[in-house]
Amino acid sequence: MLVSGQELLAWAVANKCAVASFNTYNLETTRAFIQAAETTQKPIFLALGSGALAYGDFATLVALTKVAAETAKVAVALHIDHGESPEVIERCFQAGFTSFMFDGSHLSLEDNIRLTREAKDRVGAYPLEAELGGVGGDEDAAGSQASDIPMTDPREAARLADETGVDSLAIAIGNAHGLYKGKPKLDFTRLEQIHHAVNIPLVLHGASGIPDEDITTAITHGVRKINVNTEIRGRFFATLQEQLPETSKSLNLIGLMSPAIEAMAQAAQEKMTLFASCVRA
C-alpha cells in the first residue's frame, strides 16, 4: 500500500530501528524491492533519483512505481531522492510522491535553509528530508571516496532543523555514495552530537559496504532511514553476467531477468533484516 513517508519514519522511531530506502530504475528493480518488502513484512522507501527519471521518462517510471507501491502488501513510500530544486519537489508532489528530499548540501548554509524551507512549503503534510554536509560519490555508479568532503556540523544541523521544519536530515559522517575504496571510517562521535542537537530522524546515505556493526551503531545514535544502492545493484549485475552466456543463446529475456530479480530481492531482504533487526516480523 502507498503511504506517507511520515508513517515509515514514525515506525522506525517507535521501534528504534531504520527503514531501508532503495533506488529503483525500472520494472525489474521495482519488483525485486516489493518482493523483498513483502517477504520480510517490513516497510520501505522506493526512491527515484534524477538519473532514473531522466532515463525512464518521468511520467512512465513514476506511474509504474506508484502502481507497484499501491498494490504492495506492505507499506511503501514513493520517495524523490536528491531533489535538485523546490520546482522538482513540486513536480513530484503533483505526480503523487509521498516522501521528498531536497538536497541543498552544495549550497551555503543560508541558501540551503532558504530553499529547504521553500521545498517544505510545497509538500503539505508529507515529509521532507534535507541534507547538510557532503555525501560524495555517484548514486548511480560505483566508486567512492569520502575523504576531504565536509562533514555535518552539529550546530548547523540544529539551526537548519529549527529554521526549516524538515522531518529528517541526511548527514555526512564519512559516508559516501558508491563502493568505498578501503574500509569506511564513520565519525560516530559527530553522529552522536548531531543526534543530541536535532530532534528529528537522521538519514544515512551511501550505506553500501559499511560493516554491519557500524550500521547497528549508527541506528543506536538516531539513524532511522538508510539508503543503500550500489551494493544491491551489484547482486543484480553479477547474476546477469552469470545468466547471460546461456540465455543469450535462446534470446530469453525473462530467463535472463528473473534470476537477477531474485538475487536483488535477496540482497534487499538481508539489508532490511539488518536495519530492522529489533523488530519482529
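Including glycine, each Cβ sits where the backbone N, Cα and C put it.
On a predicted model such as this, the values are computed, not experimentally measured, just so you know.
Listed in TrEMBL:
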| type | residues | note |
| --- | --- | --- |
| ACT_SITE | ASP81 | active site, proton donor |
| BINDING | HIS82, HIS177, HIS205 | Zn(2+) 1 binding site |
| BINDING | ASP103, GLU131 | Zn(2+) 2 binding site |
| BINDING | GLY178, GLY206, ALA207, SER208, ASN227, VAL228, ASN229, THR230 | dihydroxyacetone phosphate binding site |
For HIS82 (Zn(2+) 1 binding site), the number of other Cβ atoms found within 10 Å of its own Cβ: 22
From ASP81, HIS205, GLY206, SER208, ASN227: recorded positions whose CA lies within 10 A of ASP103 (Zn(2+) 2 binding site): ASP81
Mapped DSSP class for GLU131 (Zn(2+) 2 binding site), helix or strand or coil: strand
Rounded distance in angstrom between the Cα atoms of ASN229 (dihydroxyacetone phosphate binding site) and ASP81 (active site, proton donor): 12
Spatial neighbours of GLU131 (Zn(2+) 2 binding site) that are distant in sequence (at least 6 apart) but have CB under 8 A: HIS82, MET101, PHE102, ASP103, GLY104, SER105, LEU169, ALA170, ILE171, ALA172, VAL203, HIS205
Cβ neighbours of ASN229 (dihydroxyacetone phosphate binding site) where a neighbour is any other Cβ within 10 Å: 27
Cβ atoms near HIS205 (Zn(2+) 1 binding site) (within 10 Å, other residues, all chains): 27
